[in-house]
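If you check Swiss-Prot, you get these features:
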- N180: Mg(2+) binding site (BINDING)
- 23-40: compositional bias 'Gly residues' (COMPBIAS)
- C490-C494: disulfide bond (DISULFID)
- 1-41: region 'Disordered' (REGION)
Amino acid sequence: MSDGAVQPDGGQPAVRNERATGSGNGSGGGGGGGSGGVGISTGTFNNQTEFKFLENGWVEITANSSRLVHLNMPESENYRRVVVNNMDKTAVNGNMALDDIHVQIVTPWSLVDANAWGVWFNPGDWQLIVNTMSELHLVSFEQEIFNVVLKTVSESATQPPTKVYNNDLTASLMVALDSNNTMPFTPAAMRSETLGFYPWKPTIPTPWRYYFQWDRTLVPSHTGTSGTPTNIYHGTDPDDVQFYTIENSVPVHLLRTGDEFATGTFFFDCKPCRLTHTWQTNRALGLPPFLNSLPQSEGATNFGDIGVQQDKRRGVTQMGNTNYITEATIMRPAEVGYSAPYYSFEASTQGPFKTPIAAGRGGAQTYENQAADGDPRYAFGRQHGQKTTTTGETPDRITYIAHHDTGRYPEGDWIQNINFNLPVTNDNVLLPTDPIGGKTGINYTNIFNTYGPLTALNNVPPVYPNGQIWDKEFDTDLKPRPHVNAPFVCQHNCPGQLFVKVAPNLTNEYDPDASANMSRIVTYSHFWWKGKLVFKAKLRASHTWNPIQQMSINVDNQFNYVPSNIGGMKIVYEKSQLAPRKLY
């Protein structure tokens with residue numbers, strides 16, 4: 001298969017062998033256009049973003065990305081089923097949210113994951129995209145490994161010992177592309193473990209692991225609960241055992257020094273992603289009331305007046321036992337956003353989990369209890385945006401505040417009695433300040449959910465640079481409407497995960513019966529990875545008189561985008577949906 005070939009469901013990738021001949025001359029790269037072999041480059045390093053302006057306001061965006069990837073041999077050649085147990089923390093009343101207990105399969109493979117915006121776009125690219133375009137369509141994806149180098153490490157007998165590095169022309173790099181998505185899907189952006197965001201800095205793939213079924217019970221408690229919390233292991237249900245190995249499920253290709261590997265092209269089937277936000281809440285839908293009296297002079301204290309008595313107005317409501325028509329009671333066409341139990345932890349047979357909700361800005365974002373919005377909070381290290389000269393292990397963190405404004409303000413919610421009466425007495429209305437179950441500081445908006453068939457939702461925004469780009473559709477009969485981690489959800493199939501592993505490089509002392517650990521020569525690899533991600537975008541047209549806010553720099557943040565005097569760099573998150581649009 002040559003470069004640019006279509007990668008169908010179940011299609012096999014292309015492997016180009018570029019080993020040197022006895023004379024030292026390399027063979028021609030299959031489709032790559034360059035010669036190969038030891039000491040001869042066989043590929044190109046390209047991190048340019050190309051914008052091709054088409055007809056009718058469309059733009060084709062080709063994002064090229066290249067990285068030098070370093071890979072050590074695995075600690076063990078074995079698959080391991082590992083239980084993570086922190087019952088010492090959850091044994092204390094009120095500590096349910098500290099629960100980390102789970103079981104995972106740790107594999108000897110590593111995952112090359114490019115599924116994050118920062119892998120593909122620099123801040124300048126992102127500025128051009130969000131300032132000039134209104135929507136993105138995800139078109140295609142391809143990736144390649146080339147210029148493979150494998151080296152062995154030995155130590156001299158001198159004191160102190162000296163490490164010696166030698167090229168090993170017969171060692172192998174194992175590469176597997178799961179084009180059928182047979183393996184568990186494990187996007188690494190949720191752990192900030194994708195390829196790094198700086199093209200000039202080497203990066204590493206993440207060790208590949210996946211969840212294994214494990215039942216347990218954790219009974220909720222608070223600090224005043226008497227007795228020790230119930231925390232019980234139940235083990236693995238034999239009906240649910242699924243142990244996957246790459247070696248017997250995915251074709252594995254063996255590359256040696258100078259070899260290349262190409263996946264071919266995957267074409268996406270996804271709905272487009274908007275680069276605009278909506279501001280209309282339910283109070284801004286439809287025709288406003290007619291004003292009988294308009295202001296006669298300028299000034300913020302001069303108001304208009306509806307004029308008609310509230311119980312004599314015309315219109316439609318869903319309020320029984322009253323004739324009052326107000327901006328609060330008139331019937332709106334649908335529910336924009338929804339009140340979500342945004343600090344709700346659900347219980348599952350494998351432990352508690354925070355309920356995911358769709359992000360959407362709530363009010364002025366002044367106080368935590370006004371933000372019923374699910375804005376994602378990212379923690380990341382020096383490969384993914386933290387200042388590269390930072391010392392210590394504490395990650396950097398940002399909260400991405402989505403621009404989609406659902407207008408939620410939980411402090412102002414209330415529930416009326418039936419039949420509706422005005423004014424209401426204390427036993428006719430439930431306010432956020434009313435205690436539930438004798439508790440204070442908890443109101444019904446923590447448990448109240450207005451999601452339903454009348455709910456209007458925006459998809460999640462692109463989060464630059466740390467956010468995930470695409471996600472895999474659930475294999476269920478009923479599909480979720482949005483996925484909260486990524487704006488693009490692949491229908492039917494998504495790009496196959498790319499796995500790599502340094503093959504076992506054995507010594508003459510290997511005895512399969514002697515030990516579970518192989519006697520191996522210390523071997524590592526580095527190789528060049530490159531990819532191409534293609535989008536189509538629609539140029540944004542202006543339909544308003546006023547100019548709008550756009551992404552820019554100023555005197556306060558200009559140095560976020562340039563290195564310090566010792567090379568310190570960081571990447572700050574950027575808004576992706578600055579331009580407003582009406583939704584009705």
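Cβ from N, Cα, C; glycine included.
Of all the disulfide-bonded residues listed (C490, C494), C494 sits in the most crowded Cβ setting, with the most other Cβ atoms within 10 Å. The residue listed as 'Mg(2+) binding site' is 13 Å away from C490 (disulfide bond) when you measure Cα to Cα.
Its own atom aside, the Cβ of N180 (Mg(2+) binding site) has 13 Cβ atoms within 10 angstroms in the protein chains shown. You'll find the Cα of N180 (Mg(2+) binding site) roughly 9 Å from the Cα of C494 (disulfide bond). According to its DSSP assignment, C490 (disulfide bond) is in a strand.
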